[in-house]
Structure formats: C-alpha cells, structure tokens
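Asks: One structure follows; several queries about it will come next.
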Amino acid sequence: MNQNLLWFEKLKFNNQDLIPAIAQDYRDGTVLMMAWMNSESIQKTLSTGEAHYWSRSRSQLWHKGATSGHIQKVKELFYDCDGDTILLKVEQIGDIACHTGARSCFFNAVPIYPQS
C-alpha cells in the first residue's frame, strides 16, 4: 500500500462499511454537516480535492454540490483518536451546506436547563 495511505488502515468502518464524516468550515470552525463515507468516497475525495460522500438513501456515491453548485473544497482531512470518525475541513462554495438552504445543517437549538 502507498505509504501516504497507511492511515487509511487505522479507520474503523461500521457493519455497513461506512464511517461518519463531519464537514467543518476551515475558516471559522462552523460545523456544517454530518454525512457518511465509505472507502470509495474517501478515495474520490482525496483524488479530486472535493468532498464525496455515500448516500444511504440512494445507495450511491454522492459528490457534494454536484447539482446545486455548493461543492466542498477539502482543505484538510483528519480522523479521530479512535479512528471511527472523519473530520473534513472545507471551503463551502456558495456558503450553503444544508439541503434546506441553510449554511449549516445544525440550526435546531435545544434549550439546556441545568438541574439545581
């Protein structure tokens, strides 16, 4: 295996051969979205420099923004200490990551009521 891909062997995919991937704005740290990746989408992301995910609903490779134009240019890729989550630091073209038209998919705030 290519020395540059030795890290890939450390990844822990679930029983569907998927791994969660968080997309984060590389400039301000905003968490934009969570999606699933498989080995094919990771390889495609690395070879193109643009985020590719695995669509569980369509069971196919998904080039983020291919239809909308809101592609994600990957600036950095990390994996966590357990090897079971990927973090993509991206430049979000068009400043829209969510299919709802929002910048981030995480716009549903839940109030926290500390217990006394």
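Placed from the backbone N, Cα and C atoms, the Cβ positions cover glycine too.
In case it's useful when we look at the structure, here is the feature table from Swiss-Prot:
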- Asp80, Asp82, Asp84: Mg(2+) binding site (BINDING)
- Cys81, Cys98, Cys105: Zn(2+) binding site (BINDING)
Asks: Counting across all protein chains shown, how many other Cβ atoms sit within 10 Å of the Cβ of Cys81 (Zn(2+) binding site)?
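Replies: The answer is 6 other Cβ atoms.
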Asks: Note down the number of other Cβ atoms within 10 Å of the Cβ of Cys105 (Zn(2+) binding site), including every protein chain shown.
Replies: 16
Asks: Cα of Asp84 (Mg(2+) binding site) to Cα of Cys98 (Zn(2+) binding site): how many Å, rounded?
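Replies: Roughly 23 Å, rounded to the nearest whole number.
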Asks: Identify all same-chain residues not among Asp80, Asp82, Asp84 whose C-beta atom falls within 8 angstroms of the centroid of the Mg(2+) site's C-beta atoms; report them in sequence order.
Replies: Lys12, Tyr79, Cys81, Gly83, Thr85
Asks: Fill in the CA-CA distance, Cys105 (Zn(2+) binding site) to Asp82 (Mg(2+) binding site), as an integer in Å.
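Replies: Rounded to the nearest whole number, the Cα-Cα distance is 25 Å.
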Asks: Which number gives the other C-beta atoms within 10 angstroms of the C-beta of Asp84 (Mg(2+) binding site), all protein chains shown included?
Replies: 14
